[in-house]
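Novice: Got a structure here, written out as structure tokens. Questions coming.
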Amino acid sequence: MTDYKTNLRLRLPTTCIILEVILIILFATLVQYDEHTDAKHWHENMEKHNESNYENEFYFRYPSFQDVHVMIFIGFGFLMTFLQRYGFSSVGFNFLIAAFSLQWATLMQGFFHGMHGGKIHIGVESMINADFCTGSVLISFGAVLGKTSPVQLLLMAVFEVTLFAINEFILLTALGARDAGGSMTIHTFGAYFGLVVARVLYRPQLSKSQHKNCSVYHSDLFAMIGTIYLWMFWPSFNSAITEHGDDQHRTAMNTYYSLAACTLATYAFSSLVSHDGKLDMVHIQNAALAGGVAVGTAGEMMLTPFGSMIVGFLAGTISTLGFKYLSPILESKLHIQDTCGVHNLHGMPGVLGAIVGAITAALATEEVYGEGMKDVFPDVSSGEITASFQGVRQAISLAVTLGIALLGGLIVGFILKLPIYGAPPDTICFEDSLYWEVPGEEGTHEEMTTVQVEDVEKPING
Amino acid sequence: MTDYKTNLRLRLPTTCIILEVILIILFATLVQYDEHTDAKHWHENMEKHNESNYENEFYFRYPSFQDVHVMIFIGFGFLMTFLQRYGFSSVGFNFLIAAFSLQWATLMQGFFHGMHGGKIHIGVESMINADFCTGSVLISFGAVLGKTSPVQLLLMAVFEVTLFAINEFILLTALGARDAGGSMTIHTFGAYFGLVVARVLYRPQLSKSQHKNCSVYHSDLFAMIGTIYLWMFWPSFNSAITEHGDDQHRTAMNTYYSLAACTLATYAFSSLVSHDGKLDMVHIQNAALAGGVAVGTAGEMMLTPFGSMIVGFLAGTISTLGFKYLSPILESKLHIQDTCGVHNLHGMPGVLGAIVGAITAALATEEVYGEGMKDVFPDVSSGEITASFQGVRQAISLAVTLGIALLGGLIVGFILKLPIYGAPPDTICFEDSLYWEVPGEEGTHEEMTTVQVEDVEKPING
Amino acid sequence: MTDYKTNLRLRLPTTCIILEVILIILFATLVQYDEHTDAKHWHENMEKHNESNYENEFYFRYPSFQDVHVMIFIGFGFLMTFLQRYGFSSVGFNFLIAAFSLQWATLMQGFFHGMHGGKIHIGVESMINADFCTGSVLISFGAVLGKTSPVQLLLMAVFEVTLFAINEFILLTALGARDAGGSMTIHTFGAYFGLVVARVLYRPQLSKSQHKNCSVYHSDLFAMIGTIYLWMFWPSFNSAITEHGDDQHRTAMNTYYSLAACTLATYAFSSLVSHDGKLDMVHIQNAALAGGVAVGTAGEMMLTPFGSMIVGFLAGTISTLGFKYLSPILESKLHIQDTCGVHNLHGMPGVLGAIVGAITAALATEEVYGEGMKDVFPDVSSGEITASFQGVRQAISLAVTLGIALLGGLIVGFILKLPIYGAPPDTICFEDSLYWEVPGEEGTHEEMTTVQVEDVEKPING
């Protein structure tokens with residue numbers, strides 16, 4: 001039943017073990033507890049600065065971290081279970097590549113974010129950043145979902161995490177852009193990188209698997225678990241690494257209102273564009289989230305609640321229309337088979353978010369921000385640059401992100417095109433049984449999953 | 001296949017867009033960041049009061065807010081997925097009306113809770129309150145589940161949020177009652193409002209859809225996701241807006257023990273009242289939560305852990321018995337078709353909670369509360385009134401809540417009865433396919449959900 | 001259809017009500033709010049120590065508590081829904097015995113952890129400890145899943161919670177061992193206790209139910225919800241009751257990296273040991289979590305990130321290999337029918353965690369821990385004992401835990417073997433319909449679940 005070429009018995013274990021051994025060696029060589037996690041340094045610093053244990057960064061970031069963590073593993077994982085026979089792979093490969101990426105991202109981001117005496121210092125903030133970078137990889141995963149092997153995905157993650165860290169470094173450190181919720185660094189980058197990879201991996205014969213590229217009733221409900229979790233925790237996502245105090249508070253609130261407005265837009269346009277006024281689950285599952293993407297950059301700024309709502313409404317609108325009108329064109333004209341429609345959820349809303357961020361930054365005044373200016377726009381606050389120039393920085397950052405994503409995706413796509421990773425044939429895409437032992441449906445008992453029963457059937461001492 | 005009268009192609013988009021545009025205009029005119037979210041004011045206040053960013057309200061309310069948020073969107077949403085063919089609508093309409101209600105509630109509650117120079121100030125506390133108000137609407141949704149169109153539900157939300165805010169204002173501000181977890185404001189109000197609406201919308205011919213008004217094996221498991229999330233996070237719900245310190249801590253703990261005791265009562269009576277000792281999922285899914293409702297008022301008081309357990313045990317008992325013996329009577333005698341049994345989960349336990357709150361308040365002494373009296377009963381602490389009179393206030397509040405809920409529900413019910421909202425016919429209640437594009441079951445491939453496949457089948461350039 | 005012997009109509013209600021009444025009486029007699037939840041004492045202490053409400057323990061433990069709570073009710077509950085026809089029982093009995101155990105544990109742990117003037121003082125820390133103890137019972141539940149009645153399970157919980165509290169007291173108080181995440185107290189104890197109970201309850205004829213002892217496609221997806229929640233929140237679990245500051249922060253981070261490495265090991269070995277390189281859901285659902293178990297003791301120590309990764313990698317490896325090679329032997333040779341494979345997920349990784357903890361403790365130096373030594377190893381810090389001796393304490397603790405678990409499990413197993421609890425016959429194990437009213441499958445409408453419909457069919461006034 002399993003084609004030799006897709007048997008991963010040697011390739012998947014080898015890849016996982018080699019990657020993990022490399023990670024462990026690099027961690028042993030390069031990574032240390034930071035001053036909030038190291039027993040000795042924390043206690044030295046507490047004494048020196050007359051602080052208490054209650055001021056440990058843990059208490060001000062960890063709840064946000066856990067919300068982000070849920071988005072990465074439950075949110076993305078279950079959002080992609082909408083396919084009828086790809087639930088194991090959706091949530092399972094999501095799990096695998098996320099578990100790898102967060103380790104690799106710790107190293108790559110640590111390397112670019114600044115070493116301390118040759119060492120990478122880690123704590124809850126680096127954990128959030130690693131999860132963010134992982135999110136970008138999972139966005140790209142959405143574009144190639146159902147058409148790739150886990151070995152291919154792990155390799156994509158190796159490259160994408162690296163390019164993500166480079167792009168992030170250029171934007172935040174070299175260019176001095178602001179992008180707390182990652183409209184550019186996470187969403188735009190992840191989406192366009194993934195779309196180019198999908199383009200390079202174009203399968204003209206994919207229609208042979210088209211009967212599996214659809215949902216069933218229950219799979220859509222599983223996917224809604226993912227959607228709702230992403231929706232609920234997006235305020236935590238956008239605010240997870242903004243400055244403490246009003247910044248985190250405001251970012252969370254802006255995101256909350258943007259998402260609420262986005263949801264109404266999504267329902268409105270989903271019903272409007274269908275031929276008989278019925279709602280489409282694909283829109284609800286995805287476009288309702290675009291409001292979170294679109295305030296990823298401007299959320300920490302003084303966007304105002306109604307400004308957030310306008311942005312969210314626009315994001316929901318373009319995302320829903322994108323699913324209806326643009327995705328078919330991307331497939332037929334540009335040969336981009338975007339399984340989850342990441343262009344509509346992350347691509348366009350990400351670009352919108354970058355533009356909104358640039359405009360909002362350019363309009364910043366001391367009048368509005370007061371002393372808070374130094375948290376949101378430190379260079380404007382210090383008088384180094386004008387607010388308008390901050391806006392220019394943001395715009396340049398968008399262009400840089402698109403450039404690195406497109407070029408990076410092109411190169412990585414060709415690497416992933418090599419016929420050595422056990423990718424599924426065109427006829428067996430969107431199908432779990434290629435890489436998973438799949439139990440029968442209810443009422444049939446083809447395969448047993450628990451060990452003791454298997455034992456009864458096939459005694460190992462035979 | 002779709003009857004013209006239930007085609008919402010114009011009505012749903014129009015309703016959503018008009019409502020959202022009104023919201024945005026009102027937000028632009030009336031809503032401002034509060035002093036914990038506004039960059040300038042927060043930094044000014046920090047300097048003035050020599051505070052640090054760590055004292056921002058965000059850190060002391062946001063984790064509670066997120067737990068409440070999960071209850072609203074996952075808890076209520078999935079609790080209602082128990083129906084076999086109404087999962088999309090349960091979680092999807094829950095999503096829509098919650099996203100609308102939280103915006104509308106921000107305005108209505110802000111208006112009644114006190115304006116600041118003509119402006120409504122918002123932050124994490126207003127977000128929690130908006131989610132609370134939304135919860136009330138979702139309770140009413142439970143009573144009419146499966147028999148209403150989304151347009152009808154949005155309209156119900158417009159009115160119910162308004163009435164909620166008025167009732168809340170009368171109770172908490174005018175009457176000086178305490179109701180942190182909303183036994184009265186949220187549960188009693190939402191339940192009896194919804195029950196009266198359900199009464200007015202009574203469908204004598206609903207039996208034509210009765211074969212769909214039941215669960216299947218998997219839908220009950222989805223519903224348990226909702227149940228368990230509501231159960232776990234109820235301590236956060238009841239404590240989300242109590243005073244800081246011991247009050248939040250005590251409220252959460254009282255709720256924890258009330259729910260635990262309630263669960264044992266539910267299992268006991270579910271098994272006892274069935275004809276062969278088997279447990280009924282309807283009871284477990286719902287009655288096990290009644291303990292959270294019933295300590296919604298008294299949870300912040302010095303109810304003691306064993307007092308909480310007694311209340312929880314009683315709540316689980318009356319709720320289970322209500323499902324078994326009272327619901328059939330409500331339907332046959334009073335013509336109230338209460339789909340989710342909200343009378344058993346929110347109605348009776350809400351009234352019980354109000355009574356427990358009144359008694360506990362009346363028994364409060366300085367001996368027990370010490371300096372903490374000023375947080376729980378400020379008017380008793382200041383000597384303005386006696387504890388007994390606080391108890392009277394609480395009792396009056398219950399009567400007021402019932403009055404507004406019943407009268408409001410009656411009026412709104414008749415508004416919703418107009419035959420212009422695309423409500424389902426009696427023969428197609430409890431059915432997703434009326435308002436949703438529904439994919440086929442596993443193995444059948446009637447409909448495709450992903451865009452690219454649809455494109456392959458129906459080329460848009462034809 | 002229901003055998004009289006398994007009809008629990010009297011036994012289950014009686015058991016639940018008697019237990020709850022006893023709990024309420026004991027709580028009324030023995031339990032008081034602690035100084036962080038009692039209104040009077042908290043305000044007195046605030047004044048005395050010049051503290052603020054923001055320093056209430058609630059803010060530093062409650063988010064961790066909620067994560068642990070999710071693991072207990074969603075994590076364990078859904079992890080066990082993998083069986084095709086045992087989802088109601090898995091999540092439902094998990095719910096019941098957890099709701100009971102957390103109340104009983106409050107008393108037992110309070111009794112052994114030290115009374116205050118004859119009273120047990122409770123707050124968020126006791127709530128976390130009660131949930132921890134509950135976790136241990138749920139681990140044992142996993143070993144006997146599908147083969148026990150709820151009455152049996154409640155009785156098991158009564159005894160196991162008691163023995164847990166005794167063992168915990170011996171380890172943490174009498175022996176002075178460290179075990180914040182419970183590699184020994186929770187996992188090793190729960191696993192071996194449950195395995196011995198399963199051994200005593202051995203059913204030679206269980207193969208008659210073997211066709212139900214397997215998963216179906218959707219049940220595996222439900223189980224993945226449990227897995228992912230356990231995986232995500234394990235950092236909160238291990239850090240929930242460590243000391244404040246760097247200790248909580250470091251423990252969470254060590255667990256995060258251990259789990260990530262464990263996941264890669266699990267995928268590698270799952271693919272390696274199958275006959276055609278396919279991944280096995282049983283491994284992914286369980287073995288990927290072993291990394292959390294294995295750093296339960298050493299997580300709070302200066303294990304280093306790469307040390308955590310090595311431990312996690314080892315744990316994932318032995319767990320996966322255990323499922324493949326050891327579980328069949330346990331069944332065929334030792335007659336231990338371990339339904340969920342708790343020996344692989346909790347047993348062996350728990351022992352590994354205890355050993356890693358002993359070694360890490362023995363290697364502790366002032367050089368590395370600085371002033372932090374007094375939080376992690378107070379007796380070593382005070383000079384009372386050497387680090388090596390702390391290691392010896394840890395090793396002795398493992399032996400004590402195994403001894404109490406094995407002996408306790410043996411005795412309790414024989415108590416549970418009495419034929420009076422309504423245990424399922426060999427032919428109807430792993431089957432919900434014995435204890436639950438089960439609705440039909442989709443498309444069939446054998447049973448109705450909502451009350452009003454039932455009423456229509458069987459008028460109560462007939």
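Keep in mind that glycine also has a Cβ here, set from the backbone N, Cα and C atoms.
Just so you know, TrEMBL annotations never went through curation; they're auto-generated.
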Novice: Tell me which of A:127-146, A:347-366 corresponds to the transmembrane segment entry in TrEMBL.
Specialist: A:127-146
Novice: Take a look at A:12-33, A:184-202, A:214-234, A:309-326 and tell me which one has the most Cβ pairs under 8 Å to the transmembrane segment (A:68-88).
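Specialist: Stretch with the highest Cβ contact count: A:214-234.
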Novice: Would the transmembrane segment (A:153-172) count as touching the transmembrane segment (A:184-202), i.e. at least 3 C-beta pairs under 8 angstroms with sequence separation of 6+?
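Specialist: Per Cβ check, the transmembrane segment (A:184-202) touches the transmembrane segment (A:153-172).
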Novice: Suppose I define contact as three or more CB-CB distances under 8 A, residues 6 or more apart in sequence; do the transmembrane segment (A:153-172) and the transmembrane segment (A:254-274) meet it?
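Specialist: They do not touch: fewer than three Cβ pairs between the two stretches lie under 8 Å.
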Novice: Pop the mean pLDDT for the domain 'Ammonium transporter AmtB-like' (A:51-419) in here, whole number is fine.
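Specialist: Summing pLDDT over the domain 'Ammonium transporter AmtB-like' (A:51-419) and dividing by its length gives 97.
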